């Protein structure tokens, strides 16, 4: 018993950090002994608790039994992220991979070894660190300390560039044209060789643009990585040096300071006694973790003597040794699994592939029809009309005609243009194909801390006890207007309190307690700046209190003698000071002033009195006062404020300051019979743009959900402040019980809800209750709510939320910044990370927001603009680049008309003249407010639909085809005096002697007629839209047309000819007629919105 008591007293003594000059010197040197001793005693205490559990006959715990759910999920969601698939989700794969990860983490013992034993195992000196030679050898052996990224399969990528999309069909054309050159032609046809090379150039052009897209993506990623520099202070050859974190190796001794980002997985060797870490990047939990030197848990993920990569040092300093780097670290394994999860195709890629399949299918069918017509009819009945070479040329003419070779380039340029506009509004798309998906998003799932809020705590409410009693007694049914008036009044009182506090004893003591019982300090180099602009070193709560109360000299008047730091079990912080009368010297019998700050649930029961603002003296704290304070606390919590109370007490001790007996006495008696000074409400305020962003997303037809690891009450309060909750009745949203009751009541009559939204209520679900929603009917109802907040969620629950939404046909965008958000970011249709977030989150996301959260609204608008402009581009390319090119082949094969358009000219139209004209459409701004439209239904509203096909092939395409053929036949009639009726069913009769012309003259007529057909389709003035880029497009298209028809070398090689000037001018009024016909169509659609034309209008 005496031994136990001695241990307890030692533990209490070492749990207090003394702040006299000697202690400060020890802390500056690291104070390894004190840190280790305290941690060891704390660990013994926990070990005794474990022993009692085993003695009671409980089964031995599994390696994860003592780990909080967030930490259990840390290893589990590595496996979760590997099962992500954009179309289907296989929920069974988690079980397959989980055991491997469990075994990996359970097998690590770095946290269990004593510091000296660990350094011996790693072959490193604690005082000197590694030598440069040893570090270089280990770096060469283990590789850089960098997060793993998905490896690029360059041969597969190259094959995708060269054979993806339309290229696979075009390669067939290259082979056929080469065969038509040799050996099928005798003598070899130079024209077919040139055509083979031209198609090869088209393939390389398309492959080059695809490669450029990927290069642009990698460049964007490098730009993002450059925004996240990381260095570490390490011991090398006995000297502390700043080194890039990527150069750290196992065995490096790292010096940690407040504000540092932990560069690798470290095992603590010593610390200052007040070292704390923020692990929210891994767990999503805002609670800070107190450091220890000895192991505090059997699991390495839970033990507080491990500093994990990516976490932040929020207080204190320490010394640690690197044990795991890169892919072997906890964050590295998560990043590896996340990177390994295959990135599925985006919506625009699926749309393009759908179009490719349709076009290729039509091409194959028509090519087979031509081949069969030649085999079964033309070869037998018209043997002199079409040989094998001519037949193959016609087949390839069909292929070239149907395939819009310029479309992949146009799509790439459109995406690049909009991606550039996104960068202008601080949005970096990592992949161009993701840009359009934003236009389909109908659900946005956003994290709270740092995304919706500023991630900077500020003091919002400061009250003495009378204020709390009055506020706590207000009735629940007050309107929002009265609450806002009260808040304004509070703000005024806070400001006046700052001015008049020297006349109010309560205010003086409250301010003094707030500044003295506080570990935050201003950066000494910034003291000349205004308080709001000064950087603060310390945790978020202390920093908020310091900023609000700063400006006095109380810390100089009452210097701190020692403290008990805040910890998650006590939930309070204590500081002890000389009372200013000189009685707190080094001898015994001194009187001291104790200030305590902490959670009201813990400290209020220990308070017996309070400082009265009205009386200016201490008064007893009655039971009615406690009830009123509790109601006031609930009111602040309902406004998303974290409530802390400040208390004080005068203590005397018969023991000498600094002795263990003195520390034990203070620790045992200080937190009792306290005097309550005041109540402080602290909040992480929403970003100024958050409410407008939520409203804009709603106006655009996208539901806005919050998914956070914070408490439900806080999350709901932020949801009300930001407009996420607008319809909860009486301040009480629906809960899991509401959902279960509704589903149970529906019973067998339940029908799946409309997952696109329909329920007008608000829903608040917390992580522990999500497991009870086990059926599809439950999730059908959850996904039908318009306003949902998911609170206290773990990473795997976030992932499940995204999967359930997507399974019901929603297009989901997820925003987040932590490692725990990475699986959900990867699983979403669009993952959006903030640049200040973790490397893993940025790697998993598709878009990165550089600064403002409201940039996501601009991104959605530009995503819709992509789809709109792509439809314009394709609707422009199809009539001339497909419809008007296929009819010449059909007339030649089935009606015996001399070929009106050669394969070479078809390619020139598709890849050059029409492409440059379509560039003007790429540059167009939106024609109307795109955010006023609902999001595109990706299952119904396709990029190329029946309406566009009807517009391209039955309306504009027919008119352009008729116009071009009219010009072709007009040329024959005017120049050769051959009427149109004699050009039909010629077949093999179009040869030497026809109408008295030689074969060379007829070939000349045909070449010129084909050029006339070409310039008619290439006439840039047929463009219907007008924007500043149109003039440049016209000039470029004219130059190409002139080059093709007027350059002698091109004429000889590809059988083109000069076009008389009148055939350049005659199409102009025809183009005007085409424009008038299209405007007439639009007028009829407006006049008869239910008519047949309106039914096919797009």
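Cβ atoms here come from the backbone N, Cα and C positions, even for glycine.
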Stated TrEMBL location of transmembrane segment, expressed as one of 1063-1080, 1081-1098: 1063-1080
Per TrEMBL, the range holding transmembrane segment, considering 952-973, 974-995, 996-1017: 952-973
Winner by Cβ pairs under 8 Å against the transmembrane segment (952-973), considering only 355-377, 389-413, 1029-1051, 1063-1080: 1063-1080
Stretch with greatest number of CB pairs under 8 Å, the transmembrane segment (389-413) reference, 193-212, 355-377, 901-923, 1029-1051, 1063-1080 candidates: 901-923
Model confidence over the domain 'Cation-transporting P-type ATPase N-terminal' (109-182) (mean pLDDT, whole number): 89
Remote residues contacting the transmembrane segment (901-923) - C-beta distance under 8 A, at least 6 residues beyond either end: 191, 194-195, 198-199, 202, 205, 393, 396-397, 400-401, 403-406, 409-410, 413-414, 417, 869, 872-873, 876-877, 880-881, 885, 888, 964, 1010-1011, 1013-1014, 1017-1018, 1020, 1023, 1025, 1027-1030, 1032-1034, 1036-1037, 1040-1041, 1044, 1054-1056
